[in-house]
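First comes the structure, then the notes that go with it.
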Amino acid sequence: LILLIVYLKIQKKFRIKCAYTLFVVAIFWLTEALPLGVSALIPAFMFPLFGIMSSKQVASAYFKDFHLLLIGVICLAASIEKWKLHKRVALRMVMLVGVNPAWLTLGFMVSCSFLSMWLSNTSAAAMVMPIVEAVAQQIITAESEVDALEMSYSNGSTNPGLELDGRHMLQFIYSQHSILGQQEYREDKYNGIFKAMCLCIAYSATIGGWTTLTGTSTNLIFAEQFNTRYPDCQCINFGSWFVLSIPITVIILLLSWIWLQCMFKCGKEKSAREKASARVIQEEYNKLGPISYPEIVTLVLFILMTLLWFTRDPGFIPGWSSLFPKYKGFATDSTTALVIGLLFFIIPTKPLSRTSNGENTGFGYTPLITWKEFQSCMPWEIAFLVGGGFALAEGCEVSNLSAWVGSKLTPLGSLPLWLIILISCIIVTSVTEVASNAATITIFLPILSPLVTIHVNPLFILIPATLCTSFAFLLPVSNPSNAIVFSYGHLSVMDMVKAGLGINIISVAVVMLGIMTWMVPLFDLYTYPSWAPIISSTNNTGL
């Protein structure tokens, strides 16, 4: 290793030095030999040592607009989790769809995916799974009581064990075998339903995350690196990403629900199960009590932040950013997130009340969230990981590694465009199953971005690849939400592999459908954009 570093030190080609740094960081990220955030700091000392970038240049790459957006979003998430607004929303949505096993599964999927749009996938899964587990245990208890009662009445006695003569002895032995047989049958039948309920939480937490730009770190990493690489584009923002991804989310969510129903056969069941489910959900909701003042304020700020994101620059009409024509492009989604985020540290948890004579009553001032609560929710590892990705991206540009990779990828232009996209999707989907999603997108963006040299709109390649980095459905270790669900003990690894393989195929197919249909007019994908590098070669991608 020392000899290799010495060789690279005297090597004059900076792209080789940068490629070595990228390789080392990728190995550490894929193996997780060190924490991801620690491995992300490797470019901070290797680039200056190799003469690729100065320490000041590298350090500036570790804090971008992305980090300000992340801070604002975490302020919102911390308040939502502190005041249990997410639990109220999830339970209410499940109560709306009913408690039939199939519809209950869909209700859990919709509520969990909605929460993961605004919270981390891990938080959404960790919040909903205890509710699913409580419902499962209550179903077992209720069905056992019903079966015991039915068996007691069928024997003509509430205590058949006391009647041991002749006919009653045979009846008692037969009833015990029947009870044991029913328990085994019930356990097998429950296992399928409970597996479907658990998997629906793991998958919907991931599916909902890619719907919004702030829902998962991979989307944020892509948006920041893309806008940095192509500053004249300004086409990737909260509103445009939501429009392109919401059809994908809805289609994959419904197809995943159908797939799980077919695999585990969750059909119409006895009323005892439905009553047990309804009782648990209602009890959980009643424990929350009436909606509190902090919950109302958090909900209002959440709606306000979302509206400001959507209306900043919707595209089809002028947004509120047009009110500042002299400073076009200055205000971004992070501006909105920071303004709303600061309000959580200002607004008190209790409204100011007055006495009967009009005087203000004194109370201890406590904001909606404190700095310690914010720190406990802030994903510092992701912040450093993204910073390391930005540093690698800038290093690839400065050392001309991106241009060199692009020149080597030029022969791909002879392939049909759909095949290029499919190959990149399959590769990224395979890698993200064994590596973290954020590390995968950080590694592949500098590799896939040079494909612009085949005279294709960069979005044609990068949007599907970004979405596919979230398709980690196969293994418990593929992402944290899978691990949380697996820890409850209802699933085996093969259960996740069998179900996840189908979800992976469905997801890649839907993304391919989307990139070839409704996303084309949204970004005018068949036209080589003016904001992309000027390429002298002709379009030979099979369009």
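Including glycine, each Cβ sits where the backbone N, Cα and C put it.
Since the structure is predicted, the reported quantities are computational estimates derived from the model, not experimental observations.
Database features, via TrEMBL:
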type     : residues : note
TRANSMEM : 20-46    : transmembrane segment
TRANSMEM : 66-83    : transmembrane segment
TRANSMEM : 95-119   : transmembrane segment
TRANSMEM : 238-260  : transmembrane segment
TRANSMEM : 291-310  : transmembrane segment
TRANSMEM : 330-347  : transmembrane segment
TRANSMEM : 417-447  : transmembrane segment
TRANSMEM : 499-520  : transmembrane segment
Contact between the transmembrane segment (417-447) and the transmembrane segment (499-520) (3 or more Cβ pairs under 8 Å, separation 6+): yes
May I ask you to check whether the transmembrane segment (330-347) and the transmembrane segment (66-83) make contact, with contact taken as at least three Cβ pairs under 8 Å and only pairs 6 or more apart in sequence counted? yes
Are there at least 3 C-beta pairs under 8 angstroms linking the transmembrane segment (499-520) and the transmembrane segment (238-260), leaving out pairs fewer than 6 apart in sequence? yes
Among the recorded stretches 20-46, 66-83, 291-310, 499-520, which has the greatest number of Cβ pairs closer than 8 Å to the transmembrane segment (95-119)? 66-83
For the transmembrane segment (291-310), what are the same-chain contacts with Cβ under 8 Å, counting residues 6+ beyond its ends? 72, 76, 79-80, 82-85, 88, 118, 237-239, 242, 320, 333, 336-337, 340, 343-344, 347, 349-351, 368
